[in-house]
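Quick look at what Swiss-Prot annotates:
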| type | residues | note |
| --- | --- | --- |
| COMPBIAS | 1-14 | compositional bias 'Low complexity' |
| REGION | 1-21 | region 'Disordered' |
| REGION | 36-143 | region 'Disordered' |
| COMPBIAS | 54-79 | compositional bias 'Low complexity' |
| COMPBIAS | 92-101 | compositional bias 'Low complexity' |
| COMPBIAS | 107-120 | compositional bias 'Basic residues' |
| DOMAIN | 157-216 | domain 'OVATE' |
Amino acid sequence: MSGRSSRRGSFSLRQPPVVDIGCNCRRPKLFSIFSSSSSSSFRRGGSKPKSPNASSTSTTTAFTATTGGAGTATSTDSSWGPASFTTNSLFEEPAAAQQEQEQLETRRRRRQQRRRRRRAGATSFARGGDVGGHDDEQQQLQEQAPYRRVAKESVAVAVESAEPYEDFRESMVQMVVEKEIYAWDDLNDLLHQFLSLNSPRHHPLILHAFADLWTRNGLFSPPSPCQF
């Protein structure tokens, strides 16, 4: 009798361990734009303040402006300082994004060429068959040669992010400052690249970030040459 009571007393109740594995959700992907030097100078530090316009879980994909070849950008930290890009993982998709970008540029060039030909034909007809329209077209092409340098110097990068608004805004700041993008044609090209590479559901965040930099920060104004 005493043996049974001692065996019963030796048993103790144990609670089964509980492991939280999370929701196992996958974040969507976005696109942004970066300069070549900014992509290699990510700073590690405290997390950025959350914006009320940022979505809870989303992912950005960036445009990285490069002067040489595009290398794979990787990271193991979950946050950087306030002046850097906040992501959980960063990886490049140069093949698909570059091909899509080239197709967009080809279509845009064809539309512009058709418009110029129609205008040149109308001008030459009004002048009685003047053949100077070709020279005007060549001059317009030379004047617009610096245009669309944002697209030419950029590489699309897919990035996972929890704060897409802040990431879009930070990417715009880096491109404008490091590439000195102050002409309206270049700024319009910058905005168009963000909109064309991202899903329409992210367009309000992109437009909001662009308008915020335009109206509040004065970032798109060229720096004054005067030094006080």
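Any Cβ shown, glycine's included, is placed from N, Cα and C.
Summarised by DSSP class, the composition of the domain 'OVATE' (157-216) is 47 helix, 5 strand, 8 coil. Mapped onto DSSP classes, the compositional bias 'Basic residues' (107-120) shows 14 helix, 0 strand, 0 coil.
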